[in-house]
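What follows is one structure encoded as structure tokens, with my remarks underneath.
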Amino acid sequence: MSADFTDFKVADLSLAEFGRKEITLAEHEMPGLMSIRREYAEAQPLAGARVTGSLHMTVQTAVLIETLVALGAQVRWASCNIFSTQGHAAAAIAVGPDGTPDNPRAVPVFAWKGETLEEYWWCTEQALTWPDSPTGGPNMILDDGGDATLLVHKGVEYEKDGKVPSVDTAENDEHRVILELLNRTITDGSQKWTQLASEIRGVTEETTTGVHRLYEMQRDGVLLFPAINVNDAVTKSKFDNKYGCRHSLIDGINRATDVLIGGKTAVVFGYGDVGKAARSLRGQGARVIVTEIDPICALQAAMDGYQVTTLDEVVDKADIFITTTGNKDIIMAADMARMKHQAIVGNIGHFDNEIDMAGLAKVPGIVKDEIKPQVHTWTFPDGKKIIVLSEGRLLNLGNATGHPSFVMSNSFADQTLAQIELFTKPGDYPTGVYTLPKHLDEKVARLHLDALGVKLTTLRPEQASYIGVDVDGPYKSDHYRY
């Protein structure tokens, strides 16, 4: 990279040294990624890969980015959330291990904390723009929430239609910004997005929300390239979603509010892998109530000792409300109007539409006041206030620093192996949505055992034969529920 490298946008390059120190600490806590670097360094399986990343620009993500680069990839990056970027991590990635703030020499990264919606989608566009590539774009996408994948698909769709819908048809502010971006980039006869998509070998998707989008596109017959659903890898969903959320949910609430959780009543919406972080609230001494639509998850919650009921039954009684569903319109403005004075409202699902922030802003006479970044009170005309964290977006990343490095090593090892799988074996993956092969899922788990002092028992050949598996695995069928 030349000394005049300016293909990036971060808040403050002077934070790079601090970021580099934190990255070094994180590497020690991320044995999976570091083992993959050592194993594949010589083979360079991602040589020739142009990876566009749209994933929270944190210290842990910095270790992922530098792992992809160590395996031969070129990388361009944006965050997948307007509040989740850690400025020192972004600066360290832009500067690189061998650069300085005056001479940055590393990865084009476009991310800073507190982006506007226009800035956020501009950053996503920049991450997808590869000036010197044959198609002007990437040949791989690493996504979290599906925004980079969505932008490519919408661009191709509207080029095929010959026009972009009017911004007057936008469903919300974010949709309006997307339409404005595509109106700007799609001119008469333009095939920018179609050309960009033509060389993409696949996408690896990190989270439930993005996976839902992929399955919808597959169902509708519009998916343009193969995808690996990393979210449903066991070493992701049963570790990142479970153990990570237990840690970062409490961290976010504590940093945002400094309230004592013990003795309070908390409502957790959803009891899937993320919602099971309810356990951490209980561990702090809260009385936890769960809402559910799924009878199986509701039964699990009840047998784990939680009261399971509807929001309507408890909306005026609880102190803390946390959405975890990945769905929309979970808490509406009318619900928030019924809450107790200074009730805390937050989300660890994904997008900001789990909580009706648009509806809240339209309540006649309501007043929004910033207490500190990503902590706002909303005062209703009767004087009652509620506290909303991260403007309804991910509180564990907006108000805190996300999941710990060790658990993210699992998820990001999954991502790295999924990228290698799609990039090196395109013939094995026709367009569709796939899960990470079981042997790779087990490999990721193995890479983390030594750090915890785990010693595995080894099957004898006759034992393996008896249960119909190989001595070295995989040990479970794809449909086994851990």
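Just so it is clear, glycine is given a Cβ too, placed from its N, Cα and C backbone atoms.
What Swiss-Prot records for Thr58, Asp144, Glu206, Lys236, Asp240 is substrate binding site, and it gives sequence analysis as the kind of evidence. Take the CB of Glu206 (substrate binding site) and look out to 10 A: across all protein chains shown you find 28 other CB atoms. In the three-state DSSP assignment, the secondary structure recorded for Glu206 (substrate binding site) is coil.
Per Swiss-Prot, the feature NAD(+) binding site maps to 207-209, Asn241, 270-275, Glu292, Asn327, 348-350, Asn396. Secondary structure at Gly270 (NAD(+) binding site), as computed by DSSP, is coil.
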Taking only the CA atoms, the spacing between His350 (NAD(+) binding site) and Lys236 (substrate binding site), expressed in whole angstrom, is 16
Counting Cβ atoms within 10 Å across all protein chains shown, which of the binding-site residues Gly270, Gly272 comes out on top?
-> Gly270
Nonlocal neighbours by CB distance (under 8 Å) for Lys236 (substrate binding site), same chain, sequence gap 6 or more = Glu206, Val230, Asn410, Ser411, Asp414
By a simple count, how many Cβ atoms lie within 10 Å of the Cβ of Thr207 (NAD(+) binding site), its own Cβ left out?
-> 25
Which binding-site residues (Thr58, Asp144, Asp240) fall within 10 Å of Thr209 (NAD(+) binding site) by Cα distance?
-> Asp144
Three states by DSSP: which one describes Asp144 (substrate binding site)?
-> coil
Out of Thr58, Asp144, Asp240, the binding-site residues in the record, which is closest to Glu292 (NAD(+) binding site) when you go by Cα distance?
-> Asp240
